[in-house]
Structures are given as C-alpha cells and as structure tokens.
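S.K.: To start, I am sharing the structure in question, which I have written as structure tokens.
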C-alpha cells in the first residue's frame, strides 16, 4: 500500500485489495475495526453504504488512531471520509437500490509481472497495387501505446508494415505461446479497415499488400478452443481502423456541446473501398463457425460501417485512449475508461466519430499488477 502513492491512492488500493480477497474480506475488515475499538467507523461505513450519495465534495483524508489490544502504541490507518465513503459503497460493495451487493469475486486478478503479452501491429506504408494511402501519424499512435502498455507492466512487441499473411503468422505465434504464468493478453491493430460479413465481430483490417483480415478471425485465434492457456483470462483487442466508408456529420442537440475545428486538409480516414469478389459477397474467411468467445473485449475506434479519423499527430481514438489510460488506469475499470474515450472522441470535429466495444468479459478489469 505504501508504494501506491498518495494517501488517497493508498486508500483506494486498500479497497481494491479488499475486493479481490474473497466475499468475507469486507465483513472481516469491519470486524477488525470493531475489535480495535473503531466500531463507530464500521457503523459509519455500513450507514454510508445504505444512504444515497450526497453532493460530491473534496476528499477529506485524515489518519484514524487505532489502539490494538495489548499494545500501548497507536497505529495510524489512512481513511477516507465524505465522498470517498460513497466511493467505497458504490465501487467496493456495488450499491443496488437500498440493498448492498458485495462483488469482490467479480474482478480479474492481475498478479503476474509482466501481466501479459501485448502485440501491436502497425501498418503505415502500403504497396502500390493495394491503392491504399500511407497512414501518416500511425507511428506516433504506436509509440504512445507502446509506452503506455509498458508502463502498465505488459511485455510489448511492436511490428510494422506486415502483409496480411505476415500479420496472421504473428497473431498465431502469439496465440500458440504458453500464457499459463500470465494473467492477460492484448492485441492492438493500427491499419486501414473495411466492412466484412461476420457472425461475431464486424469489420476487417488490411495488410500492407491490400488483403483484408476479418477482426472475427483475429479474435478467434485467442478463444478458449484455440488458445487453452488463456482460458478464463481477459483478452483485449484495440482496433484503430475504419469500419466502412460512411462519414457521419452528426445531429443537432439542444444542449451546448464542445466544438472542435472543422476537419482540415491534414485530416484523413482509415476507410478504403471493400473490393468484393464475384457475386458481390464478402471474403469467405470472414465467416467462422467457432464457440462463442468469453473473456474477450474488442474496442473499435468507430461504429461499424463508418470512417475513423486520423491526423498527422495521430488518430483521435488512440490519442484519447492513451490520455484516459494515463489518468485513470489506476482507479477505474476498463469499461468506465472506454466510456470516457467514447464521450471525448464523439465531441471532436465537424465529421463525427464514436468508438465502441463488443464486451464478453465476465468480470471487471483493472490495469493493476
């Protein structure tokens, strides 16, 4: 706990630790408070959990004197009051109406160091025959995410400018590794994208030779049938690519919304026309008959069928994702952070973009070792 940072961070880490220690962790914690003469604090916690949240105030952090039985010296326990006690009731106990629902077991454990492997496939320059433009700014996206996931204790491998078959081989190589001693796996793909037919996950990404790979095919390399050592462990996919060619101009809302500059000449999309084979059907390898995946989350930079915007300084999605992870990865779960990303990206530009995800995780996911 002392290594978590400030006293506020230490207190948050304490609550998160309690969440992961089993169903009896929080009741035992309350019992210890009462046994050490701090029954009023235990009662306050229970009372706060059952009452509606008050107007948020600044955190009031102060030490509480605990005198342990048989000891003369006092022990100091950093404790949160005010809005933090509501944070405890909502985050640690899962408040539902007037009842208290404890859910400490519903969090993925990330105890390994490194937490897992992270593969970044970054396609920037495409062959002339592909008729796909150079993805200016993608190298900056790659560098940001490489630094970010290393800081979050992942073993990161970045590969640049791979043909479709080379991408497949890298993905298969990762899926075939032994992940038994690890707790998670991450795949990031930065490329041009397109629409494909699908059963589970929409969209596809291009290799530098202009050949598409369905997202569904990529994800299924890592499902429980094909990657046994990752069974029951979270598998996260972040896709910066277009889902199609539609450009969204948005709609007018009554309330004031943030306004960004009109997209200029430097603004590009990762959309490309999908060249369908004869019969006007999609690529046959976009169709897969596999078991329904679990413990998988696929985060898309844009809604299926729509373009994903990118500038010389990087893509809207990756820039925002990196910023949100930097600020909130130690305190919020992944889904809450992805909501922040979606909200921030949706406020950008005259052309609009809304990231989203297909979530098949069974528990909450925190980027913590």
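Yeah, the Cβs are placed from backbone N, Cα and C, and that goes for glycine too.
What TrEMBL records for 1-48 is domain 'CARD'. The domain 'Caspase family p20' annotation in TrEMBL covers 114-246. Annotation comment: TrEMBL describes 192, 242 as active site. TrEMBL lists 286-369 with the feature domain 'Caspase family p10'.
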S.K.: In the predicted model, what is the mean pLDDT computed over the domain 'Caspase family p20' (114-246)?
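M.R.: That stretch averages a pLDDT of 93.
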S.K.: So if I draw a 10 Å sphere around the Cβ of residue 192 (active site), how many other Cβ atoms end up inside it?
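M.R.: Excluding its own Cβ, residue 192 (active site) sees 25 Cβ atoms within 10 Å.
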S.K.: How does the domain 'Caspase family p20' (114-246) divide up by DSSP, counting helix, then strand, then coil residues?
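M.R.: The counts are 38 helix, 36 strand, 59 coil.
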